[in-house]
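Read the structure below first, then the notes.
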Amino acid sequence: MGKPHAVIFDLDGVIVDTAKHHFQAWKQLADELGFNFTEEDNERLKGVSRMDSLNILLEIGGLNKSESEKQELAARKNKRYVEAISVMDESEILPGVLRFLQELKEHNIPYALGSASKNAPLILKQIGLYEKFNAIVDGNSISKAKPDPEVFLRGAEELSVTPGNCVVFEDAQSGIEAGKAAGMYVVGVGDSAVLAGADDYIRTMEEMTVSRLEK
Ligand code: BG6
Ligand code: MG
């Protein structure tokens, strides 16, 4: 794609492995509601907003809940999730991330966060990366969830870069679609057999370099 003018990172599953904490919190809620929730089910919640995730969970359990009950359930899940992420530290940053961020800095390539999570600021502070991002766009500041491109377009805007010169890193199908809809070059992080539509794929950030993007 040529040298990128900016990079936008998804958070959960790209910078940190928080999926396990989301899974534990949703599973506990499912247990309390009286049905089983598996790791395979949890795949459907990746990249999906909190309320949409709850709706999928309730669909799996075959349950109907009122709006106020849903608010209570989502708050209960989030309270436990926040307890789990409140003890995270920099040791949970995924392999290759710090090295790649350093490389971007050396090349003067700014980078932003583009996450669906309302807990993104807390997580970034816990792992010591909050100050390093040139812009943070998260679930608190967007109105349309991925696969809508809003989160990434806002990131490009905040970095004053045209979308076509941005690279997105995403581990979720909805996020890859959002990045492509934004007109960006998308790198899928994970299994290319599971993630469709990205321009390139890596298993972990350890495989990524600026020169790979330049090619
Ligand atoms: C995404 C995660 O980054 O954020 C989803 O992949 C999660 O699993 C979503 O549901 C919303 O997170 P939060 O922290 O606002 O509940
Ligand atoms: Mg993700």
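Cβ from N, Cα, C; glycine included.
A TrEMBL annotation is a machine prediction, not a hand-curated record.
Straight from TrEMBL, the features:
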ACT_SITE  D10  active site, proton donor/acceptor
ACT_SITE  D12  active site, proton donor/acceptor
BINDING   10-12, W26, 45-50, S53, K77, 115-119, K146  substrate binding site
BINDING   D10, D12, E170, D171  Mg(2+) binding site
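DSSP classifies G47 (substrate binding site) as coil under the three-state reduction.
In the vicinity of ligand 1, defined as a Cβ distance under 6 Å, the following of the recorded positions D12, S115, D171 are placed: D12, S115. D10 (active site, proton donor/acceptor) and G47 (substrate binding site) are 9 Å apart (CA-CA, integer value). D10 are the recorded positions among D10, W26, S115 whose C-beta comes within less than 6 Å of an atom of ligand 2, given in sequence order.
Annotation for D12 (active site, proton donor/acceptor): same-chain Cβ neighbours under 8 Å, separated by at least 6 residues, are T18, A19, H22, K46, G47, S115, A116, S117, D171. Note: the Cα of E170 (Mg(2+) binding site) and the Cα of R50 (substrate binding site) are spaced 18 Å from each other.
Local packing around the binding-site residues R50, K118 was summarised as the count of other Cβ atoms within 10 Å of each Cβ; on this measure the leading residue is R50. Using a 10 Å radius centred on the Cβ of D171 (Mg(2+) binding site) and all shown protein chains, the other Cβ atoms total 24.
Spatially, by CA atoms, the binding-site residues W26, R50, K118 include one closest to D10 (active site, proton donor/acceptor), and that is K118. Under DSSP, E170 (Mg(2+) binding site) is assigned to a strand (E or B) in the three-state scheme. Reduced to three states, the DSSP call for D12 (active site, proton donor/acceptor) is strand.
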